[in-house]
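Q: Next up is a structure, given as structure tokens.
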Amino acid sequence: MGLPSLRAAAWALRRACGPWTPRLGPRLLCLPPMAGNGDAPMPVGTKQEQDRKARRGWQGTARIWEETEQQAKKLKSSEDGEQPRKLPKRKIVLLMAYSGKGYHGMQRNVGSSKFKTIEDDLVSALVRSGCIPENHGEDMRKMSFQRCARTDKGVSAAGQVVSLKVWLIDDLLEKINSHLPSHIRILGLKRVTGGFNSKNKCDARTYFYMLPTFAFAHKDHDAQDETYRLRAETLGRVNRLLACYRGTHNFHNFTSQKGPREPSARRYILDMFCEEPFVREGMEFAVIKVKGQSFMTHQIRKMVGLVVAIVKGYAPESVLERCWGEAKVDVPKAPGLGLVLERVHFEKYNQRFGHDGLHEPLDWAREEAEVTAFKEQHIYPTIISTERHERSMAQWLSTLPMHDFSATAHAAASPGTKVPRPLEGSDGDGDSD
């Protein structure tokens with residue numbers, strides 16, 4: 001019986017039995033007048049007070065019924081499988097390592113399944129782990145996703161950092177990695193400020209380029225001689241040439257995206273050098289390291305390519321100085337196989353927030369052993385085995401005689417030579433190498 005029906009029945013009973021007697025409590029008695037006594041029992045209290053108490057009784061009963069009904073609805077919704085209230089999202093950064101072989105770079109191409117990227121596998125793992133909803137995977141802006149560097153096709157990384165908003169579920173790292181292939185790993189996670197952007201907050205990036213040392217052998221030497229060993233004087237010359245890149249220069253000749261008069265073509269290189277060579281599987285390799293604020297598309301590969309061309313004897317050392325001018329210089333681009341994003345730097349962020357008691361510095365010192373292990377297990381072996389089977393460096397070296405490094409010098413000296421117009425380029429922060 002519903003509430004209106006009960007209320008109507010109660011008022012009908014009251015009219016039949018007379019006024020409520022409070023002293024009798026909730027049990028309502030109906031006594032007829034006694035024989036010989038024409039006076040009916042006198043009510044206790046006024047009629048208004050009795051009505052007010054009766055209303056309070058019915059209102060209390062109605063509240064109990066409403067609360068019971070709400071509890072029943074909650075129970076029914078949980079039985080129907082409705083999700084509880086979602087956890088709040090938090091801004092974090094992930095330390096990533098991956099082997100880029102077989103991928104068309106880091107950045108995801110939304111709507112294109114033809115060219116697979118590292119972010120395709122990452123976003124899929126984030127959705128399947130339950131830390132982001134599926135629609136965030138379709139539109140990465142909803143989770144404020146940003147990467148430090150857009151590594152190019154075939155380029156690997158040992159210290160890529162991405163920022164995004166996620167639900168901080170239990171065992172987050174383990175769950176994400178369980179849905180990733182073994183050549184892509186999340187090695188670390190840290191909470192950051194709500195407005196953190198991994199690209200904009202990055203002060204500098206360190207890359208290394210691993211190549212077989214026969215790339216520095218003179219052009220008269222066999223380009224595929226795996227027994228070649230780099231001499232100390234040759235290594236010294238390589239480092240002297242690499243040091244010419246330090247400082248701020250106009251690198252428009254080291255990318256296809258910039259014209260000579262575009263301000264964003266000027267880039268600052270903090271350091272560049274070649275480490276001592278080492279032997280792996282009978283072949284000698286060397287590692288060139290470069291640290292800069294930011295890099296343009298193909299910039300590092302062209303910086304390495306030009307030094308190789310000079311050391312081998314295909315180009316004069318003076319070509320380096322001409323590259324800073326406005327004239328176009330034919331700069332060869334080394335293969336992408338040996339290029340690896342090793343580390344990204346957040347010095348200014350660490351100074352301001354790294355020791356505020358709420359956030360950790362982004363230095364990844366505790367993850368260093370895992371980074372080294374990943375390089376030894378996935379990056380170095382991939383570079384070595386691919387070079388052995390595909391001979392990418394040897395094939396590229398055979399194309400160096402096709403470049404004319406002296407033509408630009410004559411063109412620049414000729415009267416009436418027009419300076420190339422600025423090319424349409426990116427926003428200057430491509431970091432696509």
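Heads up, the Cβ atoms here are built off N, Cα and C, so glycines get one too.
From TrEMBL, for reference:
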type     : residues : note
ACT_SITE : Asp152   : active site, nucleophile
BINDING  : Tyr207   : substrate binding site
DOMAIN   : 245-347  : domain 'Pseudouridine synthase I TruA alpha/beta'
REGION   : 410-433  : region 'Disordered'
Q: I'd like the Cβ neighbour count for Asp152 (active site, nucleophile), meaning other Cβ atoms within 10 Å of its Cβ, all protein chains included.
A: 22
Q: What is the separation, in Å, between the Cα atoms of Tyr207 (substrate binding site) and the residue listed as 'active site, nucleophile'?
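A: Taking the Cα atoms only, Tyr207 (substrate binding site) lies 13 Å from the residue listed as 'active site, nucleophile'.
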Q: For the domain 'Pseudouridine synthase I TruA alpha/beta' (245-347), what are the DSSP-based totals of helix, strand and coil residues?
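A: Grouping H, G, I as helix and E, B as strand yields 28 helix, 33 strand, 42 coil.
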Q: Tell me, how many other CB atoms lie within 10 A of the CB of the residue listed as 'substrate binding site', whichever protein chain they belong to?
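A: Counting Cβ neighbours of the residue listed as 'substrate binding site' within 10 Å gives 27.
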